[in-house]
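Asker: For reference, the structure I am asking about is given below.
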Amino acid sequence: MIPNQRQNLVSILRVCTRKGLSDQGGQVHCYLLKSGSGLNLITSNYLIDMYCKCREPLMAYKVFDSMPERNVVSWSALMSGHVLNGDLKGSLSLFSEMGRQGIYPNEFTFSTNLKACGLLNALEKGLQIHGFCLKIGFEMMVEVGNSLVDMYSKCGRINEAEKVFRRIVDRSLISWNAMIAGFVHAGYGSKALDTFGMMQEANIKERPDEFTLTSLLKACSSTGMIYAGKQIHGFLVRSGFHCPSSATITGSLVDLYVKCGYLFSARKAFDQIKEKTMISWSSLILGYAQEGEFVEAMGLFKRLQELNSQIDSFALSSIIGVFADFALLRQGKQMQALAVKLPSGLETSVLNSVVDMYLKCGLVDEAEKCFAEMQLKDVISWTVVITGYGKHGLGKKSVRIFYEMLRHNIEPDEVCYLAVLSACSHSGMIKEGEELFSKLLETHGIKPRVEHYACVVDLLGRAGRLKEAKHLIDTMPIKPNVGIWQTLLSLCRVHGDIELGKEVGKILLRIDAKNPANYVMMSNLYGQAGYWNEQGNARELGNIKGLKKEAGMSWVEIEREVHFFRSGEDSHPLTPVIQETLKEAERRLREELGYVYGLKHELHDIDDESKEENLRAHSEKLAIGLALATGGLNQKGKTIRVFKNLRVCVDCHEFIKGLSKITKIAYVVRDAVRFHSFEDGCCSCGDYW
């Protein structure tokens with residue numbers, strides 16, 4: 001074959017590669033085979049690259065295996081194909097095999113395999129490749145440096161990524177993009193914006209591209225920096241990026257405004273997108289749902305369904321997930337009914353969200369039915385059910401389903417293990433919890449995280465074994481975090497261990513002085529013990545620092561309308577009726593059950609009458625008060641469902657228990673920790689929460 005003819009065929013192969021024309025590329029391959037002398041090292045490498053990029057890995061391997069001679073380009077093209085097709089471990093395996101055959105990598109080989117390490121979160125392998133780069137002098141090459149920044153960022157080593165970035169001499173736009181994206185991935189939104197400022201000052205040849213600006217908008221949306229986000233929006237307009245044709249950037253703007261609570265601006269940006277993506281639709285629908293605009297959210301979803309039947313599983317599961325979090329059963333069922341008509345509605349991730357929705361709405365039987373009907377179950381499916389059982393106080397069922405999962409040869413991950421340990425904790429199953437914890441590393445090879453230790457601390461503490469719980473924290477091989485100390489402090493209050501509580505409180509105020517929850521917990525510890533001076537000091541210290549605790553919020557759905565209440569709020573139009581209803585309920589509780597329990601659990605040094613008024617203003621009581629006011633105290637056999645963002649307090653718990661006895665109404669309350677099903681004076685938690 002004459003050189004010009006071979007060169008023309010190579011040019012055709014490059015076009016086929018760029019445009020994904022595997023059939024036409026295959027015809028060129030056949031012609032080269034028939035010509036006898038057409039295939040050589042160069043044309044074979046082009047064929048491997050073409051087949052890989054056209055998603056034909058088997059054909060790429062056929063060419064590779066038939067080559068009498070291979071060079072680094074041959075190996076690198078095949079590795080790139082593995083990464084492109086999602087076989088990341090395959091690429092790393094080829095990298096090792098190439099080394100065994102004595103072929104040295106080039107910058108492209110290093111970049112490809114560092115990318116694989118980042119996507120696999122394979123830090124150890126990434127470190128080995130970095131060491132190899134240093135050994136043969138490739139680290140300073142900009143392509144390799146960029147890939148190192150990306151790898152370290154994805155593996156959670158942002159400081160290492162920054163060190164490599166600083167050593168890159170001739171930084172390209174890709175270098176800056178990798179560092180900005182790394183900071184965003186690590187949650188350092190401000191640093192991402194600062195890096196963009198440095199990039200502007202560096203005056204690089206290339207202007208920011210869509211990737212740069214999308215990362216910056218993510219930095220603002222993930223940290224709630226609306227002012228900075230608006231500045232980026234202004235930069236987009238001035239730079240000519242903000243136009244209806246730029247769907248990626250405009251979609252990121254929608255996401256920014258949604259996450260910062262600016263729905264009007266989000267809708268305005270959304271309406272400007274000509275080719276709306278599924279992500280932009282999902283962002284806006286979720287935004288309306290999260291702000292309580294459920295009618296608007298459902299309307300948008302129906303409009304999306306009319307325009308596009310290919311709604312993906314991520315959008316469906318995300319929207320159902322919002323209704324699950326708000327425990328909106330009616331809307332969740334509507335979404336389920338719409339989802340089953342779509343091809344993606346039967347995917348495992350969507351069905352997982354449906355099961356989760358039923359569990360979070362308190363319908364265990366419905367959740368079990370959906371779970372049983374699922375054809376394919378992944379570890380998330382089992383984790384959802386284990387978590388749900390735990391929240392409902394069904395610890396034995398959680399443990400049983402965990403072992404059933406193992407019998408189906410599905411290995412638990414660290415989240416699944418956290419769910420079953422938490423279930424044991426909520427149900428007081430100390431022996432089972434300790435046994436499961438011992439198998440975490442030993443049997444399943446999962447390195448315990450601080451959250452796993454926190455479950456065991458909670459397990460021991462609920463049984464009154466506070467010294468053992470403290471000893472576990474002191475001796476565990478990882479650094480304790482704020483959450484585990486807060487768990488122990490809460491247990492000290494429950495068991496009245498003031499001395500240990502003081503010790504734990506000092507640790508918390510030292511390591512997390514800006515967290516209002518710590519001052520509230522210390523105040524409650526002292527208040528319950530009647531140490532009013534110490535309680536006042538804790539509250540005053542929190543006030544001096546300008547800290548405010550998260551307000552209690554509850555909601556209840558009545559006649560297709562969701563009513564939200566905040567503790568101490570009196571803005572609801574039926575507030576006078578609600579207060580009278582609650583007073584009447586309290587009167588009946590006193591007369592029929594001798595109810596005075598709440599007075600000793602109201603943690604303020606005020607007179608009894610004021611305590612009673614404070615307790616009556618708790619958000620869950622206001623929600624129940626509305627349900628009783630609209631339906632009357634005589635709704636025998638009915639069920640009232642209330643949902644709260646924080647843990648239910650002791651007084652409200654006792655109040656609802658008594659109420660379920662005198663009214664013969666069942667009450668289901670989901671708080672931040674678990675479900676409480678009240679019936680005939682008893683709670684499903686067994687007063688253990």
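Even glycines carry a Cβ here, placed using N, Cα and C.
Checked Swiss-Prot, it gives:
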type   : residues : note
REPEAT : 5-39     : repeat 'PPR 1'
REPEAT : 40-70    : repeat 'PPR 2'
REPEAT : 71-105   : repeat 'PPR 3'
REPEAT : 141-171  : repeat 'PPR 5'
REPEAT : 172-206  : repeat 'PPR 6'
REPEAT : 209-243  : repeat 'PPR 7'
REPEAT : 277-311  : repeat 'PPR 9'
REPEAT : 312-342  : repeat 'PPR 10'
REPEAT : 347-377  : repeat 'PPR 11'
REPEAT : 378-412  : repeat 'PPR 12'
REPEAT : 413-448  : repeat 'PPR 13'
REPEAT : 449-479  : repeat 'PPR 14'
REGION : 484-559  : region 'Type E motif'
REGION : 560-590  : region 'Type E(+) motif'
REGION : 592-689  : region 'Type DYW motif'
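Give me the structural setting of these features: burial, nearby parts and distances.
Answerer: Here the repeat 'PPR 1' (5-39) is broken down by DSSP into helix, strand and coil counts: 28 helix, 0 strand, 7 coil.
In terms of DSSP helix, strand and coil, the repeat 'PPR 2' (40-70) has 23 helix, 0 strand, 8 coil.
Same-chain residues lying 6+ beyond the ends of the repeat 'PPR 3' (71-105) with a Cβ under 8 Å from its Cβ atoms: 41, 44-45, 48-49, 51-53, 55, 57, 60-61, 64, 112-113, 115-117, 119-120, 122, 125, 129, 132, 136, 138.
Sequence-distant contacts of the repeat 'PPR 5' (141-171) (same chain, at least 6 residues past either end, Cβ-Cβ under 8 Å): 107-108, 110-111, 114-115, 117-119, 121-123, 126, 130, 133, 178-179, 181-183, 185-186, 188, 202, 204.
Within the same chain, residues 142, 145-146, 149-150, 152-154, 156, 158, 161-162, 165, 212, 215-216, 218-220, 222-223, 225, 228 sit at least 6 positions outside the repeat 'PPR 6' (172-206) and bring their C-beta atoms closer than 8 Å to a C-beta of that stretch.
The average pLDDT computed over the repeat 'PPR 7' (209-243) stands at 85.
DSSP states for the repeat 'PPR 9' (277-311), grouped as helix (H, G, I), strand (E, B) and coil, give 27 helix, 0 strand, 8 coil.
Residue counts for the repeat 'PPR 10' (312-342) by DSSP state, with H, G and I taken as helix and E and B as strand, are 24 helix, 0 strand, 7 coil.
Within its own chain, the repeat 'PPR 12' (378-412) has Cβ neighbours under 8 Å at 348-349, 351-352, 355-356, 359-360, 362, 364, 367-368, 371, 419-420, 422-424, 426-429, 432, 436, 444, 446, 670, 673-675, 677, 684-686, 688, counting only residues six or more beyond its boundaries.
Each residue in the repeat 'PPR 13' (413-448) gets a DSSP state, and the totals come to 26 helix, 0 strand, 10 coil.
Within its own chain, the repeat 'PPR 14' (449-479) is flanked in space by residues 414, 417-418, 421-422, 424-425, 428-430, 433-434, 437, 440, 485, 487-488, 491-492, 494-495, 497, 500, 504, 688, which lie at least six positions past its ends and keep a Cβ under 8 Å from the stretch.
Counting residues per DSSP class in helix, strand and coil order gives 16 helix, 6 strand, 9 coil for the region 'Type E(+) motif' (560-590).
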Asker: How about long-range neighbours of the repeat 'PPR 11' (347-377): same chain, 6 or more residues beyond its ends, C-beta under 8 Å?
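Answerer: Residues packing against the repeat 'PPR 11' (347-377) from afar: 313-314, 316-318, 320-321, 323-325, 327-329, 332, 336, 339, 384-385, 387-389, 391-392, 394, 408, 410, 641, 668, 670, 675, 677.
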